[in-house]
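Asks: In case it helps, TrEMBL gives these features for our protein:
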{"type": "TRANSMEM", "residues": "121-140", "note": "transmembrane segment"}
{"type": "TRANSMEM", "residues": "147-167", "note": "transmembrane segment"}
{"type": "TRANSMEM", "residues": "228-251", "note": "transmembrane segment"}
{"type": "TRANSMEM", "residues": "257-278", "note": "transmembrane segment"}
{"type": "TRANSMEM", "residues": "375-396", "note": "transmembrane segment"}
{"type": "TRANSMEM", "residues": "416-437", "note": "transmembrane segment"}
{"type": "TRANSMEM", "residues": "457-478", "note": "transmembrane segment"}
{"type": "TRANSMEM", "residues": "498-521", "note": "transmembrane segment"}
{"type": "TRANSMEM", "residues": "533-553", "note": "transmembrane segment"}
{"type": "TRANSMEM", "residues": "579-598", "note": "transmembrane segment"}
Amino acid sequence: MLSIIKRTKIASPQTHYTSTILSLSDTHSISQSSIQKVMEQSKNDIESYDDQQKWVLDSSLDSRGEIPVRARTGAWKAALFIIAIEFSERLSYFGISTSLVVYLTTILHQDLKMAVRNANYWSGVTTLMPLLGGFVADAYIGRYATVLLATIIYLMGLILLTLSWFIPGLKPCHEEVCVEPRRAHEIAFFIAIYLISIGTGGHKPSLESFGADQFEDDHPEERKMKMSYFNWWSAGLCAGVLTAVTIVVYIEDHIGWGVAGIILTVVMATSLLVFLIGKPFYRYRPPSGSPLTPMLQVFVAAIAKRHLPRPNDSSLLHELSREEYTKGRLLSRTENLKFLDKAAIIKNRGIENAMVEKEGPWKLATVTKVEELKLLINMIPIWFFTLAFGICATQSTTFFIKQAIIMDRHIGHNFIVPPSSMFALVALSMIISVTVYEKTLVPLSRRITGKERGISILQRIGTGMVFSLLAMIIAALVERKRLDYTKQHYVPMNAIWLAPQFIVIGIADAFTLVGLQEYFYDQVPDSMRSLGIGLYLSVVGAASFVNNLLMAVTDRLAEKISGKSLFGKDLNSSRLDRFYWTIATLTAANICFFVFVARRYTYKSVQSSVVVADGGDDVETPSTPNTSKYT
């Protein structure tokens, strides 16, 4: 009987139902009761499939607190509202960050080393704050509420920054020519930009993960949409960056910082209104409490059972059923970090339920919780070996811009390109690269590898790191040529020479930054996805602090070896090319370590919970790990 009714391929549940009945009708040896049971089971399969298509069954809720209807909520109809507010946030952020070194040196009159150091400190704090914001969103107030609160704080910073140019007591100076800025303006300025840091800390991790939440992982079409979401999210982000470093920066340079502040404030307030309008279309994930407590429980349970032998049979380990597990998805056991598996050992299998109730979560963990801890531990070396890329990326908003300031930026006789507008090359390069990757490289690599994603996430990240190495080599060669040209001709070299390093770092961003977004959202436990985006942003934040440390160390070594500092009062008295070569050398070594770690990385293995019927694919049974989309 099993050989007759078993089918490994289906076109749809209805086809499966009909063909099964026809097969049974032709088999006289099967009892009528058996036929009835199969008919009932097939009917349940159809209803289950129909429910899967109509409802979103991944623990999400709609704006009324009910199970979301797929046709009315989520997917691109919701994601477009979210991408719109990201556009405005990046417009504001890069309108400030790309001009920060210029502001610190021209308005606050700081020297080069102090200005770059302060810019790196602000960038570091801004990109480390999402760790806190992501934790609060996941554990306590939810992603939607965190975005609203963070946007209000962000607006407060923009308003204060704008007022510091219009309130007489907060203006930079009394006179038009300013030798030293007012202390009150300096204080207001730093309070404003660090309020923006706090706002970004809640905004970035929550908004990006909230957007990805609009696509269900277990639905084939929406899963493919989610893969595209991170690419188009980055394209929208780059559109905001491009607008910031062209229009906003031009207004800052030629009209006034105060006027630019008004524009940024109005745009952010408008985007908040747009975000609120989209509320009925969103899918919401309720907060699930501290995601770190279960991780600690696994450690404690594993240590307590360290003397017990680890069973090879997964069925001997504790796991909840699908009906019992309502938060996230069940994970399959992997073979790395085997010691942690002991946390899921049930000491006495004969009275399993009683033992589970007696031991509690601090003495007995589920396989899924054990695997979630493994995921976090596996991320540590990946996070560490992407710091070198973060150091390379940091140069594009600090030293690259400072190079542009002292170079010839004339177009024709009258128009001068603002130095911060050079960053537009990064944004343009990233937009083009993401589009080519999405429309050409992904379909091509899918045909070559046969995998849904094309190339793996870590392969994408590694590719970008190679481009970042190339960018540093180009930057070192260009800076060496600039110094020689200035000494020989006593005039600045044309800024067009900076274009290659900006373009190549943009390509690197398209691969590594977008890859890191997807990696830290995809590979963290489902309950920690906002915190996962915070981890991605912390790569750039930590790299900003490491960059300051690297500047100090290389400068001290240079003084000991040659008696001259790498960083003088200006770039013409500095040796920035040697600093770029140092970064290039460290990046090259780092890539080797990254490849070693990536080749041994174990991706998240999710137990499939749905039957995928797409006209010819093999049916996945519930016990089959669904790993195809991660490899």
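Quick reminder: no glycine exception, Cβ is built from N, Cα and C everywhere.
Any TrEMBL annotation is an automated prediction that lacks curation.
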Asks: What residues elsewhere in the chain lie close to the transmembrane segment (579-598), defined as a C-beta under 8 angstroms and at least 6 residues from its ends?
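Replies: For the transmembrane segment (579-598), the sequence-distant neighbours (Cβ-Cβ under 8 Å, at least 6 residues beyond its ends) are 381-382, 385-389, 391-392, 395, 399, 458-459, 461-462, 465-466, 468-469, 472-473, 475-476, 479, 550-551, 554, 566-567.
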Asks: Quickly jot the same-chain residues contacting the transmembrane segment (498-521) by Cβ under 8 Å, restricted to those at least six beyond its ends, or write none.
Replies: 208-209, 212, 227, 230-231, 233-234, 379, 382, 386, 389, 392-393, 395-396, 400, 403-404, 407, 422-423, 425-430, 433-434, 437, 457-458, 460-461, 463-465, 467-468, 470-471, 474-475, 478, 529, 532-533, 535-536, 539
Asks: Would the transmembrane segment (257-278) count as touching the transmembrane segment (147-167), if touching means at least three Cβ pairs under 8 Å and pairs must be 6 or more apart in sequence?
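Replies: Yes, these stretches are in contact.
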